[in-house]
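Taken from Swiss-Prot, the feature region 'Domain II' applies to 72-196. The region 'Disordered' annotation in Swiss-Prot covers 83-110. Taken from Swiss-Prot, the feature region 'Domain III, AAA+ region' covers 197-413. Per Swiss-Prot, the feature ATP binding site maps to Gly241, Gly243, Lys244, Thr245; the stated evidence is sequence analysis. Per Swiss-Prot, the feature region 'Domain IV, binds dsDNA' maps to 414-533.
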Amino acid sequence: MNDFWQHCSALLERELTPQQYVTWIKPLAPVAFDAAANTLSIAAPNRFKLDWVKSQFSGRISDLARDFWNAPIEVQFVLDPKAGQRSPAGATPLAPRAPLPSANPAPVGPGPACAPAVDAHAPAPAGMNAATAAAVAAAQAAQAAQANAAALNADEAADLDLPSLTAHEAAAGRRTWRPGAANANSEAADSMYERSKLNPVLTFDNFVTGKANQLARAAAIQVADNPGISYNPLFLYGGVGLGKTHLIHAIGNQLLLDKPGARIRYIHAEQYVSDVVKAYQRKAFDDFKRYYHSLDLLLIDDIQFFSGKSRTQEEFFYAFEALVANKAQVIITSDTYPKEISGIDDRLISRFDSGLTVAIEPPELEMRVAILMRKAQSEGVSLSEDVAFFVAKHLRSNVRELEGALRKILAYSKFHGREITIELTKEALKDLLTVQNRQISVENIQKTVADFYNIKVADMYSKKRPANIARPRQIAMYLAKELTQKSLPEIGELFGGRDHTTVLHAVRKIADERGKDAQLNHELHVLEQTLKG
């Protein structure tokens, strides 16, 4: 059994990336082999890794086992029985955090769930002076008030989408799950993901990387490795369906692997707004603040939904300040550059700018092809590069659109019982391709760019060469090449009969400068989003 596992591990180490091998294969261990039943049991340190390895690697491990023993082997994945007694390899438990002060909890009436009352007028114990006794009584009263408030937390938390707190951990500003406890059994592991609201499927391993998102991915990995130290806050912005949500879930999932006791919460901005409203209605801001201020990692998606909501912004500002002061990590996403989000308080904008702001651009052609090929592979379908290239060339906006198109192609192929070819793809995507071709034209690009740079549309066709005209013209040529199916000669003809070499020079010049000039990159991003509607 051990000989097989050494053989299997060595092969998988060569087949996988170093990150995949260390994250998923190295923590596994063979625990039993039944020669009579031809079953091999492999232990995983926690439920998350067990489920992922079972879904992604069980087939390959079964094949290797069959080859090794020259017989069909049933590979079973089980939780390591010792997982609850130790932290996973490489995991670093989080240091305890200092208790957070209570935000003046309201008095709570007596009842079976309340802490015993403290008599401030009771005689001081022997040997204790009056001043010391008063201080002790005050501390006991504060502790009792916190315990009383915590007794109601379960009901309030259910309404506010907050995990319930025990009296002890509410007083300490901490949630009920502890470092290492998440690995004790599958129920605890499932609870860990339920509390954090993370999607365990969204990881760095299955995030397709290209020029459009490589900086964002690098920053995300750096933050996952050094939360609260590198880039705090990390602000990711870009259009719909470009992978912002995938990346922030990947950060959370990686941190849970490295530090299973981490207090993590993913939340969409709309849910945060809803929680603020409910906390206000129920006078439950104590619980709200205690929960959010005690996190180790807060992932907040689509913060543009805070626009115009002053009370939400105020509460988030206080949470942000508390988290950063405690060296907790904050990660934010938006569809817009921070300074261009309307209706957001200047204090928040300045906090967003204090960390690292990274744009995620629409995927380039090669990346779109890679996304389609990987998605098809995950669906168990063989997709030719010709078909992937055809789809990627015609659909340019975002990953969700590509995945939706692929699902449509697969369904069309299955329904008609035909092989996936370019002809079938054209039939399956007929309506979508028609809409795409109708939406963006060279004329529309010229008008949009002219309006953006405050020049006349006629300047696009003219022979004028001042920088304030030549530059927008080159940008329009670049966008025409990127966003339409026109050839270089056709684009040149639409720009006043220019030669195709002039268009090629403009396209190469803008493409090269885009990678070096952050301002130009931002302007192009805005124009692309405007043209795509």
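Placed from the backbone N, Cα and C atoms, the Cβ positions cover glycine too.
On a predicted model such as this, the values are computed, not experimentally measured, just so you know.
Each of the binding-site residues Gly241, Gly243 was scored by other CB atoms within 10 A of its CB, and the lowest score goes to Gly241. The region 'Domain II' (72-196) scores a mean pLDDT of 47 in the predicted structure. For the region 'Domain IV, binds dsDNA' (414-533), the DSSP-based tally of helix, strand and coil residues reads 89 helix, 0 strand, 31 coil.
The 10 Å shell around the Cβ of Thr245 (ATP binding site) contains 19 further Cβ atoms across the protein chains shown. Just so you know, the Cβ of Lys244 (ATP binding site) picks up 25 other Cβ atoms within 10 Å once every protein chain is counted.
Those residues of the chain, other than Gly241, Gly243, Lys244, Thr245, with a C-beta within 8 angstroms of the mean position of the ATP site C-beta atoms are Gly238, Val240, Leu242, His246, Leu247, Thr333, Ile360, Asn398, Val399.
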